[in-house]
Amino acid sequence: MGARCLALLLLYGTLLLLLLLPQLPLAGAATRYYTFNVKLQNVTRLCNTRAIPTVNGKFPGPKIVTREGDRVVVKVVNNIKDNITIHWHGVRQMRTGWSDGPAYVTQCPIQTGQSYVYNFTINGQRGTLFWHAHVSWLRSTLYGPIIILPKAGLPLPFTEPHKDVPIIFGEWFNADPEAIVAQALQTGGGPNVSDAYTINGLPGPLYNCSSKDTFRLKVQPGKMYLLRLINAALNDELFFSVANHTLTVVDVDASYVKPFDTDVVLITPGQTTNVLLRAKPTAEAAGATHLMMARPYATGRPGTYDNTTVAAVLEYAPPGHIKSLPLLRPSLPALNDTAFAAGFAAKLRSLACPDYPSNVPRRVDKPFFFAVGLGTTPCPGSNNQTCQGPTNTTKFTASINNVSFDMPTTALLQAHYTGQSAGVYTADFPASPLEPFNYTGTPPNNTNVSNGTRVVVLPYNASVEVVLQDTSILGAESHPLHLHGFDFFVVGQGTGNYDPSKHPAEFNLVDPVQRNTVGVPAGGWVAIRFFADNPGVWFMHCHLEVHTTWGLKMAWVVNDGPLPEQKLMPPPSDLPMC
């Protein structure tokens, strides 16, 4: 009897260990602890001072530095009046969906005076990601970099840099962004655009009252630098370039790519791009001041984006006297240069080598066709006079397959885990538009959308293909779509309407780029594939915050697999309540 009990105890211990494996750091890995105190801080930009939400009083927020395989533990304490969550953008969160962060999807928000501990392990990723708030528009100031170094002893698959530098793009609003979005939702119109772009929180010399608020990157002649580009802007894709310097792209969304040279990088909100920059020899460098500049790639209608340019300075050591040196500005593409956007995306290829294989699904279990774009919804009958949407009787909205997603008041993951989804969500999100139309042609007469909290349920480890098709209902426009909980492979893209009888034969199943956020081309389509190997509930949404606000979002429910290590971990004891 005693031997039998011991055997059962050992079996129980083995099963428990298997359950905990994703939470345990690998041998030689570390556990890295952080505390994020969310609090208001007075910050002045453009000669305008505003009390903004920050982490630990810093803007941008502190960086997290970790290695592949490490566990990261972050205690977030909310000291502001708004509810808060933090999303670890791009982190796979294998079986740890409770730490993903989107409000009312994987957790209820952290209320004022409360705290929550995010606990996750970095699995199979190295490069640059970032963290940001995931409630309303609070991420306009609550963001910071996540630096993922390779496992100790593993070399980089490109030239070792002398130094690496985060370059975070953001948007500055003189007004409170929460008031801006509240007004837009009340009127049904588009929100006011930002007053400036920022690089590492600073607007730079091209804006009024901002020459002293300029980021300066000091470099040594001849040295190699790794720039970790992060687009944390709310609503704008950006072109970026450094005057008189070539950039070598080596990593996107914490996945290595085949290196290629470019003068300009296109980066959408939610994307990261690591580029190498070799500083020029002394004789060349001393003769000029080099600007680093970014401005929007804008395919929407005029007035819907901030049409300004942000600049920083690349400064050689020893620095020259700026007033006496010629000022070199980079050449940036036209605002709506869709050809450059398509060409840049086509250059991105994964390494697809033995050390970093490209495990793209070659067969598809679950195909989906998602038509994405803007639409309308009628104004309330008694408030027609306040409507400022496409017409005076409609409001702007956005949808996937004509479903504008309604956020629940209970976290979807909690409802799924407890088996109490009734009244929270329905598992009937359409796999394709119920009423197909010429997506990039003449818009249909009826532009109204439906509403609902509808999800797709996937069996564990299903191979999934999603074709994301832009629509011209209210004008063709690029949409950066972000998928939580997974990296996906971008197997194809094109202009016009997707043709299922023609385009799959052109898919790249050898070395497609792997990422977590992809730009759906304006007036075109993009195809992605991934394995549903991460149980939980995973948000998918446009990373233009205004479009997410209007409903361009949905959720995937991935069921548990049969084995212990294929099941969602239990919720932590401090999970916030709604």
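Using N, Cα and C of the backbone, Cβ positions are placed for all residues, glycine too.
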(request) For the Cu cation 4 site, Swiss-Prot lists CYS542, HIS547; sort out which one of HIS479, HIS484, HIS503 goes with them. (result) HIS479
(request) Look at the Cu cation 3 binding annotation in Swiss-Prot, where HIS134, HIS484 are given, and name the residue from HIS416, HIS541 listed for that site too. (result) HIS541
(request) Please classify the secondary structure at HIS547 (Cu cation 4 binding site) using three-state DSSP. (result) helix
(request) Based on Cβ atoms within 10 Å, give me the single least packed residue among the binding-site residues HIS87, HIS89, HIS479, HIS482. (result) HIS482
(message) Other than HIS479, CYS542, HIS547 themselves, what residues in this chain have Cβ atoms within 8 Å of the centroid of the Cu cation 4 site's Cβ atoms?
(response) VAL372, ALA398, GLU477, PRO480, LEU481, VAL520, HIS541, HIS543, LEU544, THR548, LEU552
(request) Measure from the CA atom of ASN307 (N-linked glycosylation site) to the CA atom of ASN448 (N-linked glycosylation site) and give the result in Å, rounded to a whole number. (result) 29
(message) Using the alpha carbons only, what distance in Å do you get between HIS547 (Cu cation 4 binding site) and HIS541 (Cu cation 3 binding site) once rounded?
(response) 8
(message) Please report the Cα separation of ASN119 (N-linked glycosylation site) and HIS484 (Cu cation 3 binding site) in Å, rounded to an integer.
(response) 16
(message) Given the recorded positions HIS132, HIS134, ASN307, ASN336, HIS543, find the one whose Cα is closest in space to the Cα of HIS482 (Cu cation 1 binding site).
(response) HIS543
(request) Work out how many Å separate HIS134 (Cu cation 3 binding site) and ASN192 (N-linked glycosylation site) at their Cα atoms, rounded off. (result) 20
